[in-house]
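Okay, structure first, notes after.
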Amino acid sequence: MSFLKEIQRRRTFGIISHPDAGKTTLTEKLLLFGGAIQEAGAVKSNKIKKGATSDFMEIERQRGISVATSVLAFEYDGIKINILDTPGHKDFAEDTFRTLTAVDSVIVVIDVAKGVEEQTEKLVEVCRMRNIPMIVFINKLDREGKDAFDLLDEIEQKLGLTVSPLSFPIGMGYDFKGIYNIWEKNINLFSGDSRKNIEETIEVSDLSSPELDELVGEKAANTLREEIELVEGIYPQFNKDDYLKGNLQPVFFGSALNNFGVRELLDCFVEIAPKPRPKQSEERLVEPNEDKFTGFVFKIHANMDPNHRDRLAFVKIVSGKFERNKPYLHVRHNKKLKFSSPNAFFAEKKEIVDVSYPGDIVGLHDTGNFKIGDTLTEGEEINYRGIPSFSPEHFRYINNADPLKSKQLYKGIDQLMDEGVAQLFTLDLNGRKVIGTVGALQYEVIQYRLEHEYGAKCTYENLNVFKACWVEAEDEKSEEYKDFLRVKQRFLAKDKHGQLVFLADSPFSLQMSQQKYPSLKFHFVSEFN
Ligand code: GDP
């Protein structure tokens, strides 16, 4: 197959949702359609379960699973689909944000009863900022839930989306009769039989036909007629260009558990979802069909076996072909590297591959060369950007608890930060190290991994920080900036890249600084220029 055809047939996307909305179940059904797995229950959930085991053991378990589910690839209708895993747990939100830099589109799963939940709001906001095309799947229609119109309203208001329903439910919960597919103009009747994989659909080109009354009963038929009329009156008609620009979001209804409405979603997805998209580097826009390879690291996974300290760096291929054993330039280190065993990912396994194409993800064995955001090329010095750090929510001093192991401790901290487990800040005043995380769970993970993987021990000490902001001065020689550096010295630190960070101890102190130093900008995201 030609290089261009290989690109054209790739679709790389992520499924985002609040935990429990049905992401794992939907993923599994999609894989079933692709023939990538044979039975339901094959895809393990990477959720953090609270319960019998302690949190960090649970995270270790989750880490094991999430290697397997990092990228799930399958073929459907001649299309190569790569699903990138996006943890729903809020403590791992940064992982998900970073993964979103590697997807070309997303499917948003919403629970019909719970509606728009907190994590969905945050993740959709990131997708909106990047104009990532989104399809919405409203799940669990076999259960009693919110009224479809109320839910569409809620999606528009809370998520700031412009929805265009491409299917519509006939009844719900106990009375759920099926789905009218506005996109294909047919009806899919619900039998509640989850064993059935391929549904039979009934063509209904004309909703006024009496056949509809026979199929779903007169009452439901009339309601559907009214509702579809309303849908057509209220919502913009679907338009692929608007969807691709991120201005319009098609909506599907269904039940992942019952494999209902999933085929419709998948069929529409392969038809409309974007092929690998061009990506902006600091220097220029890079097109997927350029003949030279470029790619970037969006995720690093440490080996769980302490005897093998190697890591797997996940690289999204942006342009050209990635070939095994060919030397590539690691731009940040200005060093050529060769990879003898790049991994490609399939449903639940990985294999060594000779060639990968734009849209694909390769897993490269790494002994500590990579950090998140690194660019690989055939020689051109470009840098992909757009993997920002957000202000952490929690801050603690990290102390060395075993003076004989300080080398191990610093190496361990350094590598864990490269993996993006947490952020490190070094205080200007005394050089003390502060670890910032999105969730409190990460402290246990770090402590546990430092001990088991690096043989180092640490303790933590509380530190009162409200937010970390990256400070930008219009003029670094200005009196205002100098005054700020002097007055706030106690609260200033450097991040891992040496950027200046202000660790504000309260909303009040942040606000006062913003007022007192109007020429300075306080950013909550590390990438701002
Ligand atoms: P995730 O956290 O988003 O990955 O959610 P899961 O896929 O693990 O689903 C959470 C729970 O919802 C599980 O118990 C599923 O069996 C259940 N579930 C998923 N889809 C449906 C559905 O369509 N109907 C019903 N009734 N339950 C569902």
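Just so it is clear, glycine is given a Cβ too, placed from its N, Cα and C backbone atoms.
The domain 'Tr-type G' annotation in TrEMBL covers 8-279.
Remark: Asp20 (GTP binding site) has Gly88, Asp111 as non-local neighbours, by Cβ distance under 8 Å and separation of at least 6 in sequence. Annotated GTP binding site per TrEMBL: 17-24, 85-89, 139-142, in sequence order.
On the 0 to 100 pLDDT scale, the model's mean across the domain 'Tr-type G' (8-279) is 85. Sequence-distant contacts (6 or more apart, same chain, Cβ under 8 Å) of Leu141 (GTP binding site) comprise Val112, Pro169, Met172, Gly173, Phe176, Ile179, Phe190, Phe253, Gly254, Ser255, Phe260, Gly261. Proximity of the binding-site residues (Ser17, Asp20, Lys23, Thr86) to ligand 1: a Cβ under 6 Å from the molecule is found for Ser17, Asp20, Lys23.
Counted within 10 Å of its Cβ, the other Cβ atoms near His89 (GTP binding site) come to 19, all protein chains included.
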